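Trainee: Here it is, the structure in full.
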Amino acid sequence: MAIPAFGLGTFRLKDDVVISSVKTALELGYRAIDTAQIYDNEAAVGLAIAESGVPRHELYITTKIWIENLSKDKLIPSLKESLQKLRTDYVDLTLIHWPSPNDEVSVEEFMQALLEAKKEGLTREIGISNFTIPLMEKAIAAVGAENIATNQIELSPYLQNRKVVAWAKQHGIHITSYMTLAYGKALKDEVIARIAAKHNATPAQVILAWAMGEGYSVIPSSTKRENLESNLKAQNLQLDAEDKKAIAALDCNDRLVSPEGLAPEWD
């Protein structure tokens with residue numbers, strides 16, 4: 001199954017806040033939900049899905065394995081725990097959230113454990129997140145490019161990550177963009193504002209439409225119903241060549257997510 005182009009992110013949302021966000025999103029027509037073990041909200045997401053009444057087969061659920069669970073003896077048990085919290089027998093996509101710091105657990109070990117989880121039916125697809133080109137090479141060597149559904153990376157108008165994108169594309173690895181709106185910084189951009197005015201759209205719609213137009217999946221989060229609804233309409237917005245050129249010129253390698261002790265050496 002192809003990764004949906006548009007989904008709901010849940011980073012930094014917990015308890016009642018995430019329950020409300022997920023239920024509202026599902027009510028509005030969202031069907032892809034992105035969570036992670038470290039977000040500490042899988043149980044709340046599971047509850048929201050259960051209460052929404054949306055049938056499981058209509059949903060595309062992604063979770064991510066945290067670094068403490070990367071070893072072959074921990075990965076599958078940790079995923080089973082995630083499934084329990086999410087109240088489901090399987091997830092659609094499981095990602096390695098970050099590569100193991102200092103290569104404590106080798107890429108080969110955790111990718112093969114993840115592939116085993118797929119073979120056991122715990123996850124339909126597997127993938128990676130925050131992987132550089134050398135790390136993608138190792139992941140491909142471990143399980144084959146055909147088994148890597150996506151690389152979820154920070155990607156916004158200010159960090160277009162072109163080297164990683166080009167390399168992934170060349171090897172048939174889809175890109176999912178997180179932090180697409182650059183923590184909201186890009187919403188205040190004059191170039192984006194001009195494009196938004198031209199299309200009678202919001203700045204968020206312009207940025208999300210740009211990313212989807214480039215072929216990336218996006219997973220914006222929001223706690224406000226009007227923003228959830230408005231963001232969804234980005235799927236109907238078509239930018240022209242002039243717009244795309246203007247956004248391409250905003251790239252300035254402005255990376256916002258690079259946790260010390262966790263981040264690899266970026267490309």
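Just so you know, glycine gets a Cβ as well, placed from its N, Cα and C.
On a predicted model such as this, the values are computed, not experimentally measured, just so you know.
Dumping what Swiss-Prot says about this protein:
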| type | residues | note |
| --- | --- | --- |
| ACT_SITE | TYR39 | active site, proton donor |
| BINDING | HIS97 | substrate binding site |
| BINDING | 179-231 | NADP(+) binding site |
Trainee: For the binding-site residues listed here (ASN200, SER221), tell me which residue's CB has the most neighbouring CB atoms inside 10 Å.
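Mentor: That would be SER221, with the most Cβ atoms nearby.
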Trainee: Among the binding-site residues MET179, ILE207, whose Cβ has the fewest other Cβ atoms within 10 Å?
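Mentor: Minimum Cβ neighbour count within 10 Å, taken over the binding-site residues MET179, ILE207, occurs at MET179.
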Trainee: Within 10 Å of the Cβ of LEU228 (NADP(+) binding site), how many other Cβ atoms can be counted across all chains shown?
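Mentor: So the Cβ neighbour count for LEU228 (NADP(+) binding site) comes to 22.
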Trainee: Which one of these binding-site residues has the most other Cβ atoms within 10 Å of its own Cβ: HIS97, ALA193?
Mentor: HIS97
Trainee: Same chain only, sequence gap of 6 or more: which residues have a CB within under 8 Å of the CB of GLU214 (NADP(+) binding site)?
Mentor: VAL165
Trainee: For the recorded positions listed here (TYR39, ALA186), tell me which residue's CB has the most neighbouring CB atoms inside 10 Å.
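Mentor: By the 10 Å Cβ neighbour count, ALA186 comes out on top.
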